[in-house]
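Everything below concerns the one structure shown next.
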Amino acid sequence: MAPPMTLQQWIIWKKMNKAHEALQNTTTVTEQQKEQIILDIQNEEVQPTRRDKFRYLLYTCCATSSRVLAWMFLVCILLIIVLVSCFVTISRIQWNKDIQVLGPVIDWNVTQRAVYQPLQTRRIARSLRMQHPVPKYVEVNMTSIPQGVYYEPHPEPIVVKERVLGLSQILMINSENIANNANLTQEVKKLLTEMVNEEMQSLSDVMIDFEIPLGDPRDQEQYIHRKCYQEFANCYLVKYKEPKPWPKEGLIADQCPLPGYHAGLTYNRQSIWDYYIKVESIRPANWTTKSKYGQARLGSFYIPSSLRQINVSHVLFCSDQLYSKWYNIENTIEQNERFLLNKLNNLTSGTSVLKKRALPKDWSSQGKNALFREINVLDICSKPESVILLNTSYYSFSLWEGDCNFTKDMISQLVPECDGFYNNSKWMHMHPYACRFWRSKKNEKEETKCRDGETKRCLYYPLWDSPESTYDFGYLAYQKNFPSPICIEQQKIRDQDYEVYSLYQERKIASKAYGIDTVLFSLKNFLNYTGTPVNEMPNARAFVGLIDPKFPPSYPNVTREHYTSCNNRKRRSVDNNYAKLRSMGYALTGAVQTLSQISDINDENLQQGIYLLRDHVITLMEATLHDISVMEGMFAVQHLHTHLNHLKTMLLERRIDWTYMSSTWLQQQLQKSDDEMKVIKRIARSLVYYVKQTHSSPTATAWEIGLYYELVIPKHIYLNNWNVVNIGHLVKSAGQLTHVTIAHPYEIINKECVETIYLHLEDCTRQDYVICDVVKIVQPCGNSSDTSDCPVWAEAVKEPFVQVNPLKNGSYLVLASSTDCQIPPYVPSIVTVNETTSCFGLDFKRPLVAEERLSFEPRLPNLQLRLPHLVGIIAKIKGIKIEVTSSGESIKEQIERAKAELLRLDIHEGDTPAWIQQLAAATKDVWPAAASALQGIGNFLSGTAQGIFGTAFSLLGYLKPILIGVGVILLVILIFKIVSWIPTKKKNQ
């Protein structure tokens, strides 16, 4: 293609064209003249005018076909830009009009009833193949829900916290004390020990030890008292004036029943039976009683040498069975504890030695039985060791013939009631045991008679003989049930003026100087002086003789594991404790962090209880049990097992077993009513911070459990509550289905008396009751007050929309975008049917019982909401939410804030056909003609154009930013190219 001509060439070419056109139309000029004229034009000096230059400029711009096409392309692009700009401008104008158009009005409070008649086929009896449709009438009751909110009963009371108090309790469990209270045998004691160890070990296996900032409980006076009271409360040391043993090997105590199995009435096992010498008729040859039992008689009791040691100087006993009348077994353990402490404080003077008036007359000439009682006649049966080791004299109660020189011939003289007893029929009307001896002299001497050659099995003939079937002869005689020849003789054993020490008082004094650990260590060793701990013996048998013991014992330094000091101990770091708590999942409102709230106890309202609430509360388990002394052995163990298992279960669930905490004491300290205490006890939480075994032996065990309690003190308790269930409403506007819900400022409606209160809860936990830090009283949504307007949230949903929730009363909560069973669409309704029917593809069943109206149903103020026309589209755009309130001013404010988001549609960032169709739907109610045109364009682009271009056309939506960038670059290049065609200087050609 030839390049464009220069200006001179173009002017000459233009003149030659004009000359050629002029010469073609004339006949007067010859050919030679024409050639001459052309040559003159070519040789003529050209002087271009402005008009020539302008025309030449136009020539250069369109000199070639490519330049013409470029101009055409540029014009088309400019035309498209103009058209698109006009379209966008018109669309923006239309969007602004659509925004300002008000949409639907939501108005709840609609109640209606319908009779639904589904067709149900019924088989005719005469034709098994024929089925005929018959109408079935189903009554459907529909009640719309005000403001789209359903209220269901909230059964849990709502408790508002006033403050949180922390409280520590140390629970001590000593199986020996429990066994003594229940009078258990050694075999049952072992079972009890195993049971306690099993339950406590299982609790310890799932608990971790950590510290609380309340100090070491072992430095607390109450802990020291409880610990030592549990170990040494009834332990005493008696010092003889001069060591003297029991004078004889034998003991006559005919007032005690004999052992054995007898028909009829049986007696409880007596401790003295351990020393009974049974009468046996088969003995070795030449066997005598003296050879084995000394002066003791067969059929009586033998005192072993261990109780008759010559050099025994002290008696150590741990028993409550020698106390005088002030100690009543019918009292509770706490009452007896209080009485005992008062006695010990009054009967000691800063030392562990008891005053003389605390002792019985038999022990001291100045005794007044202030603490201990006199030993009675029957004590030898149940407490033989106490009589043998502590009595200064003994009165034998004998029914043996020959004692006191009583014989059969003298019975009539000794007992007036027996005068002439054997000479008349009086004996037929008296007791068969009356007026005779228990043991009669049958032989002149005791001897054995053997067969020839027999030395091991010979017949033995005792000096006294009588059938043992009369096992309760002496006891009945002592009760004076019949006249008998009783011989009572006094035996002087040892001198008076005993000196008695209280081990509990010794602990009280020594622990202040040496510490509780050292004192416990020394005194426990002292109780184990003979190899068997005295406090682990049965109460009635816990009496042992000691040979010159050192008392008070020495108190060596005992290294103890401190709980508060970090020096010289098995370090349990705080960080490790926190890590353990987190790993174990403890969450007692922050576990250890909550312990800092113990400072709340400094409230002035609790001044009288500060020292109690701040220190550890020490509790003995045996003091909290029922009276187990009336139970038999296994029943007492089962009773304790039930208590322990319940305690363990409660602690694992972080609850409090109030059996072991005095709620009366706590109520006095907190000054709360009974109803408030019920709530406090119900919502209180517990946390075990240590479980340890403090003593272990085959027949006894002792444990300590450290418990931390978190007590929530209520400020207010809301009852009769209703829970808010926000269902919402459906709105279809601008071709979009929208789920609209009101953001109510409350979660609970409370009805107290006649006042309805709307509550907003903050920082709540659910522990049986709902416990909240903050509860605010707010106003409901309504048109009456500008301050009560509530935001409305809109969310785009897809059609069809069906939401059916069955309610507890047998009704159904329905929200649907369509109608079925004459249930209205868009409106949330409570539907109740009287027969089973199918609606929305689901079976609606009648309630099991007739529907009952509640006495109180929350009532809300009437509320009408007018929503913007484009509320559905607003909600659909990238999840944007618009807040719409019930006042017109608020709506305008919300619309202004939403305009910026709505006008983003002008800068299209999505699928073009969908955007145009959305615009058409929004314009339909405002400008139907424009909406039809836009709908047609959108349908063409999404339908026909999609079919023509296929996937490539749809990809343009994703490649649009790239294509626009490339197009802009090409357009700039084209413009620069066209500009370069314009001559800026004279060309030589």
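Backbone N, Cα and C define each Cβ position, glycine as well.
Among the features that Swiss-Prot reports, N-linked glycosylation site is placed at N109 (among others), with the record citing experimental evidence.
Under DSSP, N141 (N-linked glycosylation site) is assigned to a strand (E or B) in the three-state scheme. Swiss-Prot lists N141 (among others) with the feature N-linked glycosylation site.
When secondary structure is read from DSSP and collapsed to three states, N183 (N-linked glycosylation site) falls in the coil class. According to Swiss-Prot, the N-linked glycosylation site annotation covers N183 (among others).
Of all Cβ atoms in the protein chains displayed, 11 besides its own lie within 10 Å of the Cβ of N286 (N-linked glycosylation site). According to DSSP, N286 (N-linked glycosylation site) sits in a coil region rather than a helix or strand. The N-linked glycosylation site annotation in Swiss-Prot covers N286 (among others).
Positions annotated as N-linked glycosylation site by Swiss-Prot, on the basis of experimental evidence: N311 (among others). Mapped onto three states, the DSSP output places N311 (N-linked glycosylation site) in coil.
Around N346 (N-linked glycosylation site), taking its Cβ as the centre, 13 other Cβ atoms fall within 10 Å, counting all chains. Look at Swiss-Prot and you will find N346 (among others) tagged as N-linked glycosylation site.
What Swiss-Prot records for N405 (among others) is N-linked glycosylation site, and it gives experimental evidence as the kind of evidence. Close to N405 (N-linked glycosylation site) in the fold, though at least 6 residues off in sequence, lies no residue with a CB less than 8 Å from its CB. Secondary structure at N405 (N-linked glycosylation site), taken from DSSP and collapsed to helix, strand or coil, is helix.
The N-linked glycosylation site annotation in Swiss-Prot covers N423 (among others) and is backed by experimental evidence.
Secondary structure at N528 (N-linked glycosylation site), as computed by DSSP, is coil. The N-linked glycosylation site feature in Swiss-Prot is assigned to N528 (among others).
The N-linked glycosylation site feature in Swiss-Prot is assigned to N783 (among others).
There are 15 other CB atoms within 10 A of the CB of N809 (N-linked glycosylation site), with all protein chains counted. What Swiss-Prot records for N809 (among others) is N-linked glycosylation site, and it gives experimental evidence as the kind of evidence.
As annotated by Swiss-Prot, N-linked glycosylation site applies to N834 (among others). N834 (N-linked glycosylation site) falls within neither a helix nor a strand when secondary structure is assigned with DSSP, and so counts as coil. Neighbours of N834 (N-linked glycosylation site), defined as other CB atoms within 10 A of its CB across all chains, total 14.
For the region 'Involved in virion budding' (1-15), the mean pLDDT of the prediction comes to 72. Residues annotated as region 'Involved in virion budding' in Swiss-Prot: 1-15.
Annotated region 'Fusion peptide' per Swiss-Prot: 577-599, in sequence order, evidence recorded as a curator's inference.
Long-range Cβ contacts of N25 (site 'Not glycosylated') within its own chain (separation 6+, distance under 8 Å) are none. Per Swiss-Prot, site 'Not glycosylated' is recorded for N25.
Residues or ranges marked as topological domain 'Cytoplasmic' in Swiss-Prot: 1-65 (among others).
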Quick check: in three-state DSSP terms, what is N809 (N-linked glycosylation site)?
coil
Taking each of N183, N286, N311, N346, N528, N809 in turn, which of these glycosylation sites have a Cα lying within 10 angstroms of the Cα of N141 (N-linked glycosylation site)?
none
Looking at the glycosylation sites listed here (N183, N311, N528, N834), whose Cα lies nearest to that of N809 (N-linked glycosylation site)?
N834
If we check Cα distances from N183 (N-linked glycosylation site), which of the glycosylation sites N311, N346, N528 wins as closest?
N528
Could you check which of the glycosylation sites (N286, N311, N528, N834) sits closest to N346 (N-linked glycosylation site), going Cα to Cα?
N528
Around N311 (N-linked glycosylation site), how many other CB atoms lie within 10 A of its CB?
9
Can you figure out which of N286, N311, N528 (the glycosylation sites) comes closest in space to N834 (N-linked glycosylation site), comparing Cα atoms?
N528
The region 'Involved in virion budding' (1-15): DSSP-derived helix, strand, coil residue counts:
9 helix, 0 strand, 6 coil
What is the interatomic distance between the Cα atoms of N286 (N-linked glycosylation site) and N311 (N-linked glycosylation site), given in whole Å?
34
